[in-house]
Amino acid sequence: MNWVVIVAGGMIGAPLRYLTDRAVQARHDSVLPWGTFVVNVVGCLVLGVLTGAASVDPDLRLFLGTGLCGALTTYSTFSYETLRLTETGAGLYALANVVGSVAAGLGAAFAGVALGEAVWP
Amino acid sequence: MTFPEPGRRPGGVGQFPVVAVVALGGGLGATARYAASLWWSAQPGGFPWTTFWVNVVGCAVIGLFLVLITETLTPHRLVRPFFGTGVLGGFTTFSTYAVDLQQLFDTGHPRTALAYLAATPLAALTAVWLAATATRQVVAGVRLTGRYGTLEADNPGVPDMEGKKSS
């Protein structure tokens, strides 16, 4: 059962990341990879809520947390896009991408846990 | 609209196979990550080694893979969405990294948290850079030997080829 919910979560999270990335990247002309930034921060917020919420069904936690949020967010694309920024001479943007993503992701995780604890104690 | 593929309207029918293989890859990647977390389960309050290595390995593989398919090979158009966006994107995770950090800070392990906070981006970026650089060098080496091979094959004086043809 665990494996089924993980596969299902991953099969929703990954295309959701792909479609969000396309939609976000179509709406700005900055060199920063805002699409990956958005999915990563949203995923941190949702996983934070699930972690803070004590009264969540374990299967739902695996499905939404490990499966969906895990696949929605990505470290590999984040790293590759950062490498591309340094290779194209946008070193400051690369640094901003790393610092900004980690700070925003961590902030979203803290906010999510607090929200989860408050709403579903 | 961004990067529309030639002859296809963004969001049109051509998108369906791409979304489908991203989903398939995402299911596989998430399963592999979950399997890793079961085999090497992390201790609460300890350094999250499993997620750390999942992310670092995923970054090394994407460096190798994307250099190969963007600079050398011209694979089928679904290869990159399946393996790059789907499998590797689903395997690596940013949310678990951030929430594990939050938990380490919250449960009174600030030193482990700070070490993990810095080590993951450093190792991940080093991995993607090393893998991309090494792949470019290997590809350059293969191109060089490939060229010599072509020259030899084109040379009518090579006995091996002549011998096989006459027998």
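Just so you know, the numbers here start at 1 and follow the chain as drawn.
Each Cβ is built from the backbone N, Cα and C atoms, and glycine gets one as well.
Nobody curates TrEMBL annotations by hand; they come from automatic prediction.
Noted in TrEMBL for the protein shown:
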type	residues	note
BINDING	B:Gly89, B:Thr92	Na(+) binding site
TRANSMEM	B:12-32	transmembrane segment
TRANSMEM	B:52-70	transmembrane segment
TRANSMEM	B:82-101	transmembrane segment
TRANSMEM	B:113-134	transmembrane segment
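Listed in sequence order, B:Gly29, B:Arg33, B:Val54, B:Asn55, B:Gly58, B:Cys59 are the same-chain residues at least 6 apart in sequence whose CB falls under 8 Å from the CB of B:Thr92 (Na(+) binding site). It is B:82-101 that, among the stretches B:52-70, B:82-101, B:113-134, forms the most Cβ pairs under 8 Å with the transmembrane segment (B:12-32).
Listed in sequence order, B:Val22, B:Gly25, B:Gly26, B:Gly29 are the same-chain residues at least 6 apart in sequence whose CB falls under 8 Å from the CB of B:Gly89 (Na(+) binding site).
Long-range Cβ contacts of the transmembrane segment (B:82-101) within its own chain (Cβ-Cβ under 8 Å, at least 6 residues beyond either end) map to 21-30, 32-33, 42, 48, 51, 54-55, 58-59, 61-62, 65-66, 69, 113, 116-117, 120.
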